[in-house]
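According to Swiss-Prot, the protein has these features:
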BINDING   30-37, 147-150, V176, 184-187  ATP binding site
ACT_SITE  H37  active site, proton donor
BINDING   Q61, Q153  (R)-pantoate binding site
BINDING   Q61  beta-alanine binding site
Amino acid sequence: MQIIHTIEELRQALAPARQQGKKIGFVPTMGYLHKGHLELVRRARVENDVTLVSIFVNPLQFGANEDLGRYPRDLERDAGLLHDAQVDYLFAPTVSDMYPRPMQTVVDVPPLGNQIEGEARPGHFAGVATVVSKLFNIVGPDAAYFGEKDFQQLVIIRRMVDDMAIPVRIVGVETVREDDGLACSSRNVYLTPEQRRAAIIVPQALDEADRLYRSGMDDPDALEAAIRTFIGRQPLAVPEVIAIRDPETLERLPALQGRPILVALFVRVGATRLLDNRVIGHAAPQITQERAA
């Protein structure tokens, strides 16, 4: 595996693969890799000739009071995992490599980016869309892989690619979970043992939402209230966002009527904000399927 730190070096390294018509699979990450990231890598390796992973903690997507400074970083550890996973290239630029001067160009996708998580984190998804579009311009991948745990991000990236006619296939990969159901996340490392035990309430709340919906609870406000009450049984968990939305448009739904719905949860356990999502209903929506841009 070749580790690359600059944009020019990466472009030079990928040039032979392009000349030979090889397919490039790209997995953008912020590092501190876990089983979910490695599943994205596995899919990329299976479906492409060349696999490239980026590790970049993007300051544009962090608010003033968020965890940019303490976000877990261990490039040596991550490089070892990617080497074992038979990745071809690791792109690990610095902030000055990616943003040599203050950015004046911003990619935003309202109203998708202003809803759900965007309501609590203004500007977050503009930062995500900006860095992902820049990475796509640098890498020029044939396919890029994103986890469905960050479902809103996946919807936004798909829309950005469609709107901007970026020639990359966006592949959503099912959420990878720990044995007890907690979604794999780099931020899980923040949890104390007691908090880690309490965090299981998050996937359990999604199970409860699925059960209630299938049993006939068709009012979105009632379903949100029931989920909030369920999470409230765990004193260490504070529900910050409970959203019932259309899984393609992220719009609020006046009535559910048995259709597929997105249940999005943001739950704070201690100082750690945990994110999880699930699409429930009678059929999977189109947005969770792979499609070409």
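Residue 1 is the first one shown; counting continues down the chain.
Glycine is treated like the rest: Cβ placed from N, Cα and C.
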DSSP three-state call for E148 (ATP binding site): helix, strand or coil?
helix
Alpha-carbon spacing, H37 (active site, proton donor) to Q153 ((R)-pantoate binding site), which is rounded to whole Å:
15
Look at each of the binding-site residues, Q61, Q153, S186, and point out the one with the fewest other Cβ atoms around it within 10 Å.
S186
DSSP-derived structure type at G36 (ATP binding site), helix or strand or else coil:
helix
Between the binding-site residues G36, E148, V176, which lies closest to Q61 ((R)-pantoate binding site), Cα to Cα?
E148
Binding-site residues compared (M30, L33, V176) - highest count of Cβ atoms within 10 Å:
L33
Please report the DSSP secondary structure of M30 (ATP binding site), reduced to three states.
coil
I want to check the contact list for G36 (ATP binding site): same chain, sequence separation of six or more, C-beta distance under 8 angstroms. What comes out?
G147, K149, T175, V176, A183, C184, S185
Let me spell it out: for each of the recorded positions (H37, E148), count the other Cβ atoms within 10 Å of that residue's Cβ, using every protein chain shown. Which one has the most?
H37
